[in-house]
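S.K.: Would you mind keeping the following structure in view while I ask a few things?
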Amino acid sequence: MSLEEKKTTESKEKDKALSLVLGQIERNFGRGSIMRLGDASRMKVETISTGALTLDLALGGGYPKGRVVEVYGPESSGKTTLTLHAIAEVQKNGGVAAFVDAEHALDPVYAASLGVDVENLLVSQPDTGEMALEIVDQLIRSSAVDLVVVDSVAALTPRAEIEGEMGDHVIGSQARLMSQAMRKITGNIGKSGCTVIFLNQLRLKIGVTYGNPETTTGGNALKFYASVRLDIRRIQTLKRGTEEYGIRAKVKVAKNKVAPPFRIAEFDILFGKGISTTGCLLDLAEETNIIIRRGAWYSYEGENIGQGRDNTIIWLDQNLEIRNKVESMVKEKLTEGTEVSSNSMKALNSNPANTIAVNDIKTVA
């Protein structure tokens, strides 16, 4: 037998052995327990829109389905608002969303003003961290829920701490709880296609002289299991005269397993109204030269449409036909691969690391 014939025989024997073991694994653990990556029905990760076009671009399409997402930041930075917009987007597409309100602070009136269908939103206000995470696990395993939001990790108080007295030290109990929960639910999340968003608070590490003293609550498990981590900050207060009407938020993609990380997105959050979608559109329209800015004036097709950013946003909201036309043109240019800075601010476009080509990422959901 020649060397070539020997190799062919060995290859056939290996293929036969592989087929046998794959069949045995599927009989023991069920269909789909092991597969070739090329046989997967969904090679591309589907996404849920964040409600902000600039953030969708920074994330590579939006929140990935079937993954864990962590959103953290200081108080009043827009964390809950960001997730309520995601819930509204899921419901708009006929999906089911759940909100686990561990902080007992959900405002249904505000949620409704952001477009959330509060009548059909599943809400739980658990008494303990164990109860909250068990509810999350059961919702995921049902495969009937598309999005679960947990607000927040810091409020997931272990039962031992609740049943104890004030001043009792239960060291590491919350970290152990989160570590066990992440081990348990991560596999179910991938199988069900449900996206789970954990909101988290910031704390300061004591005695840190060099480096960043900030850290998130709940230990390190969530940092490892999360496919996407978003750091949201309030960078500016929006004012008309002395009246404050919103904030400018900056989101850094601190971790992303499904698209390039470290991109930055900025957008306006208006009090009582949520993310300014028209503001995001104007930022991108300006960068793609669909709307031209000269000094304080913005012009479209050679005609001035507003003096100042706020007046231009109001004009676009009042002229929906032109707004929709501008939106279509922006999306067309982005699909063609027009480059925009990930934070949609020309002043920061001087850093090439902030620049992304939209045809290199998934289509915005």
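Glycine too: its Cβ is placed from the backbone N, Cα and C atoms.
OK, Swiss-Prot features for this one:
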- Gly73, Pro74, Glu75, Ser76, Ser77, Gly78, Lys79, Thr80: ATP binding site (BINDING)
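Can you tell me where each of these features sits in this structure?
M.R.: For the recorded site, Glu75 (ATP binding site), the DSSP three-state label reads coil. Using a 10 Å radius centred on the Cβ of Glu75 (ATP binding site) and all shown protein chains, the other Cβ atoms total 8.
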S.K.: Same-chain residues six or more away whose CB lies under 8 A from the CB of Pro74 (ATP binding site)?
M.R.: Leu202, Arg233, Arg234
S.K.: Run through the Cβ atoms and count how many others sit within 10 Å of the one on Lys79 (ATP binding site).
M.R.: 22
S.K.: Excluding Gly73, Pro74, Glu75, Ser76, Ser77, Gly78, Lys79, Thr80, which residues of the same chain place their Cβ within 8 Å of the centroid of the Cβ atoms of the recorded ATP site?
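M.R.: Here the nearby residues are Ile232, Arg234.
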S.K.: How many other Cβ atoms are found within 10 Å of the Cβ atom of Ser77 (ATP binding site), counting all protein chains shown?
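M.R.: Within a 10 Å radius of the Cβ of Ser77 (ATP binding site) lie 22 other Cβ atoms.
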S.K.: What is the Cβ neighbour count of Thr80 (ATP binding site) at a 10 Å cut-off, with all protein chains included?
M.R.: 23
